[in-house]
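Visitor: The transmembrane segment feature in TrEMBL is assigned to 20-41, 53-73, 94-114, 184-205, 217-244, 256-280, 292-314. Taken from TrEMBL, the feature Na(+) binding site covers Val35, Asn39, Ser267. Under the heading disulfide bond, TrEMBL lists Cys137-Cys145.
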Amino acid sequence: MGKSAKLEFSSKSEKPAEQWGNGLEFLFSCISLSVGLGNIWRFPYIAFQNGGGTFVIPYLIALLVIGRPVYYLEISLGQFTGRGVVKAFDMAPLLKGVAVGQVLATAASITYYSSIMALTLRFLLASFGAELPWSRCWESWGSDCHDGSAQNATGKMSPAQLYFEREILHELPNIDNGLGLPNWQLVACLAVAWFIIGGVLIRGIKSSGKAAYFLGVFPYVVLLILLLRAVTLPGAMDGIIYFFKPQWRELLNPLVWYAAVTQVFFSLAICFGTLITYASYNNFNRNVYNDIVIITTMDSCSSIIAGCITFGILGNLARETGVTDIGSVVKGGAGLAFISYPEAIAKFEYVPQALAVPWAWAPASCGLFGITWGHRVRRPFGCWPAGWLSWALV
């Protein structure tokens with residue numbers, strides 16, 4: 001009897017200080033976490049690097065075979081234990097190294113997610129001008145630029161690509177003279193990003209749950225508007241067909257499957273410890289199966305929509321530049337989303353700034369939500385900033 005009472009007291013003392021206001025807050029928060037930079041920014045360029053349709057098939061298979069079961073496992077673990085990622089593995093001490101690995105993975109991903117957020121803030125500031133700076137060719141770009149009016153633009157680049165590479169990143173053709181000094185504008189945007197993150201971290205789960213209602217819907221509104229514009233551009237269907245048409249021989253390439261599995265982990269934010277934290281604030285008896293089906297389905301749909309937008313724009317650029325191979329129309333890599341989305345926005349004839357501002361804010365807000373939750377993994381509420389450093393152990 002004494003042991004039972006002691007166990008009951010211990011359980012009550014470890015009860016989370018805060019919980020979700022209702023089930024919808026948990027659902028929309030998971031959607032906001034999953035539907036973010038992994039879909040809007042990462043999925044298009046990973047698909048582009050791995051052959052478009054050749055990548056989509058392994059991605060969908062990995063989503064169903066690996067992504068959804070692991071998502072269900074992490075949600076169940078967090079809801080059952082009601083504890084943070086490290087403490088949740090007290091039930092299997094041998095696996096505590098896995099929990100520590102999740103903490104380190106989260107810390108590593110946060111560093112470059114904050115950098116991507118800084119880039120989106122830089123685009124956000126540029127969107128408030130009377131004219132979008134990537135909507136025309138600049139004199140300083142010389143003959144490397146085409147604005148879509150030239151009959152033969154082979155070998156040239158779009159204003160959006162040149163603006164991103166030369167005005168945002170300030171890329172150099174080589175590093176013979178060194179890397180140079182950091183760009184003060186990007187440094188300022190990165191500092192603002194971290195200030196915003198710190199400000200949001202001061203707040204508790206209640207404020208994040210309310211914000212999730214907006215963050216779970218807003219990116220879809222922006223993506224659907226961009227999708228409608230992208231599919232109406234000349235040559236867009238060629239790009240979309242490239243996106244869905246697989247090269248069957250490449251399906252035997254293990255690197256394509258490796259990229260697909262990696263994308264599923266990034267897209268759903270599984271094995272980062274954050275989902276365990278989300279579920280730890282749930283009601284112990286909540287049935288989360290339907291939530292998981294909804295979340296994983298919306299996540300895959302948002303990735304496909306983002307892919308259609310990006311490849312639709314690439315098809316249009318291929319038509320304008322006379323390039324027959326869509327896979328070589330632009331330089332691939334992590335900056336692909338910062339070329340394709342602005343290019344689509346610049347195609348709007350009337351007040352493109354009205355869409356440029358929401359577009360720039362959508363990935364920034366998604367990144368902010370994911371980053372702050374990556375930091376707020378079961379930290380002691382009210383213990384700021386000292387408690388922040390021990391967030392993974394509580």
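Note that the numbers count up from 1, one per residue, in the order the chain is shown.
Cβ coordinates come from backbone N, Cα and C, glycine included.
Those TrEMBL annotations? Automatic predictions, nothing curated.
In the displayed structure, how are the listed features positioned relative to their neighbours?
Guide: On its own chain, Ser267 (Na(+) binding site) has Ser34, Gly38, Asn39, Arg42, Phe43, Gly67, Asp299, Ser300, Ser303 as residues at least 6 apart in sequence with a Cβ closer than 8 Å to its own Cβ.
A simple way to gauge crowding: the CB of Cys137 (disulfide bond) has 22 other CB atoms within 10 angstroms, across all the protein chains here.
Beyond the ends of the transmembrane segment (217-244), by six or more residues, the same chain brings 28, 35-36, 40, 47, 52-53, 56, 302, 305-320, 326-327, 341, 344-345, 347-348, 355, 358-359, 362-363, 365-366 to within a C-beta distance below 8 angstroms of the stretch.
Nonlocal intrachain contacts for the transmembrane segment (292-314), taken as residues 6+ away from its ends with a CB within less than 8 angstroms of a stretch CB, comprise 27, 30-31, 34-35, 38-40, 43-45, 47-48, 52, 56, 59-60, 63, 67-68, 71-72, 75, 219-220, 223-224, 226-227, 230-231, 233, 236-237, 239-240, 242-243, 267-268, 326, 329-330, 336-337, 340-341, 343-344.
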Visitor: Same chain, outside the transmembrane segment (256-280) by at least 6, Cβ under 8 Å from its Cβ: which residues?
Guide: 16, 26, 29-30, 33-34, 36, 38-39, 42-43, 46, 49-51, 54-55, 58-59, 61-63, 66-67, 70-71, 74-79, 81-85, 88, 99, 102-103, 105-106, 109, 250, 288, 295-296, 299-300, 303, 370, 373-374, 376-378, 392
Visitor: Have a look at the recorded positions (Val35, Cys145) and report the one with the fewest Cβ neighbours inside 10 Å.
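Guide: Taking Val35, Cys145 as the recorded positions, the minimal 10 Å Cβ count falls on Cys145.
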Visitor: Take the C-alpha atoms of Val35 (Na(+) binding site) and Cys137 (disulfide bond) and report the distance between them in angstrom, rounded.
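Guide: Their Cα atoms are separated by 33 Å.
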Visitor: What is the total of other Cβ atoms whose distance to the Cβ of Asn39 (Na(+) binding site) is within 10 Å?
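Guide: The answer is 28 other Cβ atoms.
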